[in-house]
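To start, the structure under review is shown below, and the notes come after it.
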């Protein structure tokens with residue numbers, strides 16, 4: 001794929017628009033999807049429960065979430081429940097090309113006559129291609145009679161699709177897209193350029209989409225932060241459900257998923273023995289906890305950085321050192337960022353690292369590490385293998401190994417979280433989509449969380465799938481602790 005005008009035109013086959021790497025990979029992807037379905041009991045249970053009801057009938061869901069095999073099962077669950085779907089990935093490196101092809105072809109189609117879902121995603125997109133694909137996922141064709149039918153739901157991961165709609169509508173209202181700022185990242189410049197180009201051809205596109213959207217469900221910590229910022233500024237134009245803070249998402253996907261996929265990405269990217277290495281992990285939230293646990297399990301000597309004294313104390317009580325980045329960066333063999341914040345590892349930090357030290361990120365965006373400054377620093381980039389780059393500083397001769405250009409290494413260098421843990425997260429996504437679509441009048445333009453009983457429903461499905469057997473409260477026991485026999489069993493403020 002390139003950024004030529006020809007490449008940035010959707011392919012159309014059998015009436016389906018798409019842009020993927022290779023449709024001939026569909027059979028391979030379908031076999032992988034079928035295996036994942038066996039490991040995703042939550043989604044399969046929801047298909048059985050709601051198939052006859054079709055609660056998402058009429059929903060036109062624009063999705064922006066890593067186009068993996070697991071996401072394919074999510075997409076086909078949404079379709080099975082009545083929705084129409086268009087999809088793009090939320091990361092330039094995270095797409096699994098065989099999964100993207102299989103979703104376009106669909107379970108009953110062929111590469112020559114696809115019958116699936118429009119997907120605009122391939123591994124290794126440029127920034128221009130990435131934002132073009134995001135726009136395609138949000139751009140629905142008119143109905144057969146010519147009536148406009150914009151997207152009416154968003155399923156987001158990181159908030160890019162939501163930001164595209166809300167900022168686009170905001171700039172249309174202002175009558176101008178703001179100029180680039182000298183401090184803007186390369187990606188933000190691409191984002192603004194896309195909005196400028198669209199404003200020249202359609203000055204109401206994003207306003208129409210914004211007015212059509214009934215709600216958004218957001219997958220990640222970073223995207224949720226954006227939603228709260230939009231809401232605080234009065235710019236959130238539709239209701240949002242914070243899926244990330246469902247217990248069966250944050251305490252499972254964020255922790256156990258990262259525990260599995262971080263070392264998978266490091267191993268595939270570098271094949272370096274982790275045991276015995278000094279490893280610095282920045283951030284000890286749920287993602288950091290899972291990351292640290294996996295590294296320590298490999299025999300690494302782990303040090304944590306934290307701003308929050310509570311998280312820092314947790315790390316200390318688990319036996320890890322808690323230090324400042326600048327005090328230990330020169331001793332680390334591997335450095336991992338997991339904060340959801342920006343400028344965690346600066347250019348100065350990178351120059352102070354050991355020769356051939358490994359640097360990677362498992363937070364959502366690439367600005368946790370100052371990649372933009374590294375690119376402008378005069379350091380020499382040598383590609384070692386896909387998504388593994390050696391950066392050499394001419395003034396010292398030292399080099400560092402950067403994984404996935406500072407983006408999610410567990411998806412760029414590996415295949416992300418395993419299916420079972422994603423079944424938890426994606427079950428919450430489906431339930432949240434149903435909630436906003438079927439009960440839209442009950443929600444204002446604010447950020448909500450799913451109620452506790454739905455969180456427990458997701459957990460119960462997966463407990464049973466693993467052969468667990470839940471104890472049943474007696475009526476007297478339930479009354480004694482002030483809960484219903486069938487739950488919810490904990491108050492909303494309970495910390496699991």
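The backbone N, Cα and C atoms fix where each Cβ goes, and this holds for glycine too.
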Site-mate of 68, 157, 249, 253 for substrate in Swiss-Prot, selected among 39, 187, 219:
219
Neighbour count (Cβ, 10 Å) for residue 68 (substrate binding site):
24
Residue among the binding-site residues 249, 364 whose Cβ has the most other Cβ atoms within 10 Å:
249
What are the sequence-distant neighbours of residue 219 (substrate binding site), meaning same chain, six or more residues apart, C-beta distance under 8 angstroms?
65, 155, 156, 157, 158, 243, 244, 249, 425, 429
Packing count at residue 283 (NAD(+) binding site) (other Cβ atoms within 10 Å of its Cβ):
26
Among residues 68, 157, 219, 249, 253 annotated as binding substrate, what is the maximum Cα-Cα distance? Answer in Å.
17
